[in-house]
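Enquirer: As annotated in TrEMBL:
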TRANSMEM  38-59  transmembrane segment
TRANSMEM  71-93  transmembrane segment
TRANSMEM  113-138  transmembrane segment
TRANSMEM  364-384  transmembrane segment
TRANSMEM  390-410  transmembrane segment
TRANSMEM  417-448  transmembrane segment
DOMAIN    459-540  domain 'STAS'
REGION    560-583  region 'Disordered'
Amino acid sequence: RPAGLAGAAPAMPVPVPRCPGVRTKLPVLGWLPRYSGAWLQLDLVAGLTVGLTVVPQALAYAEVAGLPLQYGLYSSFMGCFVYCFLGTAKDVTLGPTAIMSLLVSSYAFHEPVYAVLLAFLSGCIQLAMGLLHLGFLLDFISSPVIKGFTSAASVTISFGQVKVQSASLLSPGAGRAAEAGDAVLGLACLAALAGLRAMKSRLPRAAPVAPLAARISHLIVWTSATARNALVVLFAGLVAYSFQAMGSQPLTLTGSIPQGLPTFRLPRFSMAAPNGTVPFQTMVEDMGVGLAVVPLMGLLETVAIAKAFGTAAPGPCTRGGALQGARGFANILGSFVSSYPITGSFGRTAVNAQSGVCTPAGGLVTGALVLLSLAYLTSLFYYIPKAALAAVIVSAVLPMFDAGIFRTLWRVKRLDLVPLCVTFLLCFWEVQYGIVAGMLVSGILLLYSIARPPVSEGDALLVQPGSSLHFPAIEHLRDTICSRALAAASPPRSVILDCCHISSIDYTVVVGLAELLRELRKHGRSLAFCGLQDPVLQVLLAAELEGFQHFPSREEAGEGLGCPRCSPQAGVPQAAAKQGSGR
């Protein structure tokens with residue numbers, strides 16, 4: 001429950017349904033029969049609080065997507081309703097986000113018809129991914145790649161908003177007063193948002209035994225800081241209205257937004273153009289790789305949010321089934337009300353959790369508030385200054401830039417800076433190129449470590465691959481063993497292949513090991529396997545390798561090869577173990 005409601009009747013959060021329950025029945029049936037009045041109170045508070053956040057953000061994100069502002073509101077309610085019935089995480093809220101809006105801007109070409117069709121096709125792809133359990137594809141996107149993409153998106157969106165103001169300020173001509181007014185108001189709104197965010201982060205919890213006046217004042221401060229976007233936009237709108245009433249307007253206003261709810265209809269599968277009609281096939285070709293990037297990035301955001309808030313168990317429920325199904329249906333049904341692609345919002349999910357939401361029913365309140373805004377309040381949106389919406393966008397995306405990740409990777413593993421920097425830089429050119437390049441670099445680094453198993457030397461040559469042995473590593477392994485075991489300056493010694501970390505091998509490895517055995521035997525050397533796990537042992541026995549010998553441990557392998565330093569009597573097993581642990 002929110003800090004300002006300390007002392008209210010405690011409400012137990014709804015347990016997250018387990019994976020089997022999600023598969024056998026609607027998730028809503030897991031909590032609806034046990035719904036109580038205490039949950040209703042907290043869900044109402046959370047839904048209203050999130051609604052006050054989502055309305056100004058929806059208008060702002062539509063600007064990022066390059067679409068008319070009403071499309072931000074069209075995209076903000078269907079996900080709330082769908083997730084109430086299909087969602088497994090009580091805190092997660094679906095709607096437009098900064099990253100998704102940036103992707104829509106890239107792949108929908110600022111055309112509402114393209115954006116709505118992209119939502120429909122993305123939803124179909126997400127449903128297919130859920131049915132086929134293809135969520136494992138996200139495992140190939142490493143954290144440095146994700147950090148590089150989100151940081152680049154933060155910079156791109158922020159500079160996109162600042163560039164509009166700075167370009168107009170630096171250009172000569174009429175309208176300089178309005179341009180200066182926009183810059184001053186934008187900076188003031190940014191400062192107010194930053195101050196309210198800092199105030200919320202430092203706000204202590206109200207003691208249950210505190211006086212009523214203290215608890216009420218605490219609640220007012222908490223609500224103002226949580227709904228800061230709505231508060232700042234409302235204040236900026238009042239300032240703009242005051243100037244309008246006085247007969248002068250030094251601010252650029254949002255302008256008229258069509259009033260009323262969107263028509264419920266199928267998305268359009270063709271588009272009228274000045275030189276004819278753009279058919280469905282051409283529209284799909286134009287969106288191109290966006291049909292893969294948008295669903296994957298949307299799923300990635302939602303899964304990351306669910307894991308961050310501990311509201312969904314890992315595995316099929318998050319990566320393969322429930323979350324993908326909920327998002328897929330939300331995007332498909334959203335396209336029927338002119339929505340562009342949506343996903344989970346980290347910021348609004350945090351607000352939802354901090355507001356004490358108990359069930360996904362809080363989304364019904366949020367969706368209803370958006371519908372009321374579309375039906376009755378769009379005339380008031382006319383006076384919202386664009387500078388205030390730009391401040392909302394910048395305030396939302398700046399925390400996405402993680403400057404500390406560069407310092408962290410420098411300390412932890414400097415090689416991971418390569419995919420991070422590649423993704424970060426190339427995303428300024430094209431988003432898809434940055435993500436794909438980062439994944440390729442991460443894959444190459446992974447394959448390189450697999451293909452170069454560490455080698456330790458002693459009286460016997462000890463080789464211990466650090467992971468499963470597959471075809472990229474076998475040539476390097478053969479060359480290393482032969483060059484060291486058969487070197488002219490090296491004393492005659494045998495080879496021990498410690499397989500304790502190897503859980504699987506492929507046919508190419510079996511062929512390479514057979515050739516290695518023949519090569520060593522030709523020069524009077526031996527190769528012993530130790531620590532073989534049962535699946536690997538069965539494969540090697542089935543291959544019937546000539547000269548194959550194996551031992552349970554490296555010490556017994558050393559004894560079998562006549563190596564005194566590897567025998568227990570020599571007291572060297574500990575030394576060999578230390579060599580292995582340092583790799």
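For all residues, glycine too, the Cβ spot is worked out from N, Cα and C.
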Enquirer: Near the transmembrane segment (417-448), which residues from the same chain, at least 6 beyond its ends, have a CB less than 8 A from one of its CBs?
Expert: 102-103, 106, 140-142, 144-145, 147-149, 151-153, 155-156, 289-290, 293, 297, 405-406, 409-410, 472
Enquirer: Which listed range (38-59, 71-93, 113-138, 390-410) shows the maximal number of Cβ pairs under 8 Å with respect to the transmembrane segment (364-384)?
Expert: 38-59
Enquirer: Would you report the average pLDDT that the model assigns to the domain 'STAS' (459-540)?
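Expert: Computed over the domain 'STAS' (459-540), the mean pLDDT is 80 on the 0 to 100 scale.
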Enquirer: For the domain 'STAS' (459-540), what are the DSSP-based totals of helix, strand and coil residues?
Expert: 38 helix, 13 strand, 31 coil
